[in-house]
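These come from TrEMBL:
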{"type": "DOMAIN", "residues": "C:3-181", "note": "domain 'Electron transfer flavoprotein alpha/beta-subunit N-terminal'"}
{"type": "BINDING", "residues": "C:226-227, C:240-244, C:257-264, C:Asn278", "note": "FAD binding site"}
Amino acid sequence: MKVLVPVKRVIDYNIKPRVKADGTGVETAGVKMSMNPFDEIAVEEAVRLKEKGVVSEIIAVSIGEAKAQDTLRTAMAMGADRSILVETDVVTEPLAVAKVLKALVEKEKPELIILGKQAIDDDMNATGQMLAGLLDCPQATFASKVEVADGAVTVTREIDGGSQTVKLALPAIITADLRLNEPRYASLPNIMKARKKPMEKITPADLGVDMTPRLSVISVSEPPERKAGVKLDSAAELVSRLRNEAKVI
Amino acid sequence: MSETPRETMEFDVVIVGGGPSGLAAAIRLRQIAPDATVCLIEKGSEIGAHILSGAVIEPRALAELLPHWHEEGAPLNTPVTEEQMLYLTENGGIEIPLLDRVMPHMRNHGNYIVSLGDLCRWLAGRAEELGVEIYPGFAGAEVLVDDSGRVAGVATGDMGVGRDGEPTGNYAPGMELRAKYTLFAEGCRGSLTKQVMAMYNLRQGVDPQTYGLGIKELWEIPKEMHRPGLIQHSFGWPLDDRTYGGAWMYHFGDNLVSYGFVVGLDYPNTWLSPFDEMQRVKLHPSFRPYFEGARRIAYGARALSEGGIQSIPRLTFPGGALIGDTAGFLNVPKIKGTHTAMKSGMLAAEAVGEALATSRVEPGSYTRRIKDSWLWDELRTVRNIRPAFAKFGMKGGALYAGIDAMLLRGRAPWTLHTRHADNEVLEPASVSPKIDYPKPDGKITFDRLSSVFLSATNHEEDQPVHLKVRNMSLWKTVNWDVFRAPESRYCPAGVYEVADEATDPHLQINAQNCVHCKTCDIKDPAQNIDWATPEGAGGPNYPGGM
Amino acid sequence: MTVLVYLDHEGGVIRQASRSAITAATKLGDVDVLVTGPDAAAAAKSAAAIPGVKKVFAVTDTTGNSELAEPVAALLAQLAGGYTHILAASSATAKNVLPRAAALLDVQPIPDIVAINDAETFVRPIYAGSALATVKSADAKKVITVRASAFDPAPAEGGSATIEEIALPAGPGGSTFVATELSKSERPELESARVVVSGGNGMLNEENFKLLEPLADRLGAAIGASRAAVDKGFVSNEYQVGQTGKIVAPELYIAMGISGQIQHLAGMKDSKVIVAINKDPEAPIFQVADYGIVGDLFTILPQLEAELDKAG
Ligand SMILES: Cc1cc2nc3c(=O)[nH]c(=O)nc-3n(C[C@H](O)[C@H](O)[C@H](O)COP(=O)(O)OP(=O)(O)OC[C@H]3O[C@@H](n4cnc5c(N)ncnc54)[C@H](O)[C@@H]3O)c2cc1C
Ligand SMILES: Cc1cc2nc3c(=O)[nH]c(=O)nc-3n(C[C@H](O)[C@H](O)[C@H](O)COP(=O)(O)OP(=O)(O)OC[C@H]3O[C@@H](n4cnc5c(N)ncnc54)[C@H](O)[C@@H]3O)c2cc1C
Ligand SMILES: Cc1cc2nc3c(=O)[nH]c(=O)nc-3n(C[C@H](O)[C@H](O)[C@H](O)COP(=O)(O)OP(=O)(O)OC[C@H]3O[C@@H](n4cnc5c(N)ncnc54)[C@H](O)[C@@H]3O)c2cc1C
Ligand code: SF4
């Protein structure tokens, strides 16, 4: 069985993004970029399924600028067999990304598509669900456990206050949550080997997808700073304020 | 753990460190020996992530390496247009007149203000185009030596080792990068260089290396205040006459200002805190106006070598050579080491190219090439200036520097020497005058931890502490009892904290904060701290512009 | 303009976060709502009582299908015809369903909005709240999730909407609901807790750190810690809040003996209300705390518990 894993290149999660002084966006020049952490988890899950013998081939895909090659190389160093770069300089919105992925799914015919639940740059948390909608196939978002057996996949999902289990017929879409696994390092020998794995380069136009964003950015600003509140004299006053003023207890 | 079988890869040349020296060497090698396989590893998460410099650079070596650097888009965009040397008193400052004549080494026309990190990122692109394999995120953790005693490459560190030293679920053993020749380009106070120097006794007969600590901030300042091309240096206040150092401020790029402060690590007062000196100089009327209404973007720190030519060790050994600032090729009075680092890397590459062709064990022609080059002349000329400051104090040193420059023109028939390593000159807490530093205001001045935040430093938490204290009881009897924990003051990242000071003082090491400046490895009075490479990709993530 | 809000409820009681979404929706136009699930009949009643709601669609379903994204998204897409905006409070449920519905409508969703500038322009956090983006949508319909903390909840009582029973249009597709398991642990999870009580270096040792437990129990709170507390072994590292620990944004965050360094703040500064108890009046935590008490936490902690008990 084939698995498709979309991976996105984002500002490294250790870096606190800095809003540009002119308010047009976030500074990305010279900023360290890495694979979206949830996508690392998605790749890891695919690799584990392959190690279990359930999966035969893992294809990593990234939609973005040429530099997204680095992200695909990382995915291949972690264990993906080959990769596809859909090169575009346009801002990639989940709707357009989902359309690109739909076209690739129709071409590659994977039985599982494992995405990250959310990209940590735009925090949209949408692409997987949208892809599932476009393909009209079942979805399991925020996965914390994945088991494939007898032509179906059983997924435990994180929901508010607990978990839910669903069983999906294949092909199916899964989005990975934090607790699904702890991704492995891309080791140096594997990074060296990944240089030789195949990477195909295409454009959205090749797939007939229009990338024009539906959202336009009017401005990007720093969030307002928190202000110091009041100092109180006693526990009694604190309890009364929390109860009557802030209404949080 | 080194028992676990490690994978091995063979190269002609392995270069440890992706700074200007390592990258220049890599490029030169592929230029002269296009078939040689060259692998470069860098402990930072990407090239440039650990590069911290001023930086005003002389393009001389770059032009020799890549003559078309300008057309090819090297990020040298702000030429120096105006320069000032300020002597500071507590509330005022005077600009040294006729700077060109009194301090010719400070002459900066034809030079550029750059982000050295950005320049390294650009150089890495050129190197990759030439076929160099670059692997950031992997630290050289171990020197490999073959049976004949020849350096045979390096091994990267194991990944996924827990705090207790045991492998975690994510354990991945290091890799052996074997090479005919290994170039150590680790920058000031390289950790593998330290081992190689000991193994081959490379420091025999030369002066001890001396160092400075540079602490830097990158600011974005209001357009009205920005004067691209202006460079300023200061000396005098707030340091006493026995302490070498001063501030710099360079205006460049898009409303960016590089500000920082260097302190000679031969400072005697154990109460001195380089970080707090750097902070308070910003409040001086000569600098403060630039910071009003400005935004601090990044922070970092790095040691630099100040020993000059007298401290340069033997440069080659069987199977390799030392290049760049780890060998000590920094022009101290100029505070420039980029062009010299690059030049040394290029010359070593040429020597290695020759050795590859003739299968020599040691790339011995490197030393001769250095001595025949402009690099050696340049360092010889300025050799007495920094030692004069150590000998005669700041004012006497400045006077000597003037005389040396104007009358002797660097051709003095004598050479001043440094006798003591920096760690040996620290004076006990009981005789050192205490220093009262102002509290940070959160607008222009800051504390250590909010600063470290802007270096985007991180280390995987579950790993062995990479700052190895050899003997903890020595910490108590020497560092605490005599010097009152100087590491809690000189460390620019708040790594060292004294816990339970009143009851049972002991050392708390917040290794995660470390910005890899190497100062503790240098200044610890008992030489009781060894800086080792942490898990690859750990450490600062200096952004573009730094 | 008319707005459809997909409501979340617990055993028939509309969640407060969903009432906040109604407040957001009323800024855009007339509001109809949708409730689903086994208790949909009860939920429809409580939804109808919310002032501002005109009509309630209720899907009573006991098969578990209404727990699945596939049929609910199809239903939303089917109902969407009459609406300019489709909203929901940001929750695991809404995030599962709304983007799928948006895809069916060929719309790019706008998640987690914190402000409405006009019918097309919204403000939403990006980069985990490090920046706020103001975005304008070119889509004919808008599919939006709402950060509940940014909008006051609509009152629970006072309205009288009509209720219309409808059925799920589609089957579940290839998806089968197996089970839901609500976590039974005594304490809520750190990242989703409504209240968090955190201790720092000021707790001094492992023994003392346990003193926070009764307070946490009393408030139904999760327990958190600073890195200093973790490094010194007072608690294990899954409790760590901050840059390299967990990021939390509860309604109430109580910091006990935590200085409030930026790396800690990075993990909790989006909390709605922050309380700090620290003996150092200059501790940076006070610069972000809504309420602070300067004093010894070992004195204040028992007083606080006593006051809470007194108030009942
Ligand atoms: C207002 C606005 C302004 C923006 N401005 C810019 C900008 O100036 N520059 C810029 O570069 N981006 C910009 N973007 C980002 C771009 O539009 C985002 O990629 C898009 O919003 C997707 O959101 P997400 O990545 O958070 O998706 P999510 O739905 O959160 O992503 C979930 C998963 O989908 C997969 N995925 C998502 N995108 C890709 C991809 N491209 N390739 C492969 N897999 C993928 C991954 O598995 C990921 O984990 C902007 C977005 C918005 C909304
Ligand atoms: C504060 C300050 C200001 C300066 N100002 C100027 C200036 O204005 N002009 C100027 O010309 N020069 C200046 N210099 C000097 C200049 O920065 C250095 O001389 C130059 O960077 C040295 O280059 P290098 O390649 O030898 O070492 P570095 O630039 O230090 O690079 C070494 C690289 O090797 C990596 N590394 C180290 N050990 C390992 C290992 N074991 N494994 C893998 N990777 C490793 C490091 O992470 C680093 O990236 C300044 C220096 C400082 C500290
Ligand atoms: C890369 C990096 C990542 C980091 N990640 C994190 C992180 O994820 N989370 C985190 O928390 N930190 C993190 N830190 C560490 C952070 O910088 C601080 O060191 C840490 O948060 C301090 O913890 P603290 O406030 O408990 O300790 P301290 O700073 O020691 O503060 C203790 C406070 O308790 C008060 N106090 C003491 N006794 C009493 C008493 N009896 N009554 C009342 N008050 C008292 C003191 O006045 C003081 O303000 C990180 C640092 C770095 C560099
Ligand atoms: S621990 Fe040592 S190397 Fe690390 S920042 Fe502090 S002084 Fe520098």
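Glycine is no exception: its Cβ is also placed from the backbone N, Cα and C atoms.
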The domain 'Electron transfer flavoprotein alpha/beta-subunit N-terminal' (C:3-181) [mean pLDDT, rounded to integer]: 94
C:Ser226, C:Gly242, C:Ile258, C:Gly260: the binding-site residues whose Cβ falls under 8 Å from a chain B Cβ: none
Fewest other Cβ within 10 angstroms of its own Cβ, chosen from the binding-site residues C:Ile258, C:Ile262: C:Ile262
Three-state secondary structure, which DSSP defines for C:Gln240 (FAD binding site): strand
Where C:Ile262 (FAD binding site) falls in three-state DSSP terms: helix
Number of Cβ atoms other than its own within 10 Å, given for C:Ser226 (FAD binding site): 33
For the binding-site residues C:Gln240, C:Thr244, the one whose C-beta sees the most other C-beta atoms within 10 angstroms: C:Gln240
Neighbourhood of C:Gly242 (FAD binding site), C-beta criterion under 8 angstroms, separation at least six: C:Ser226, C:Arg227, C:Gln263, C:His264, C:Leu265, C:Ala266, C:Gly267, C:Met268
Among C:Gly260, C:His264, the one of these binding-site residues whose Cβ has the fewest neighbouring Cβ atoms within 10 Å: C:Gly260
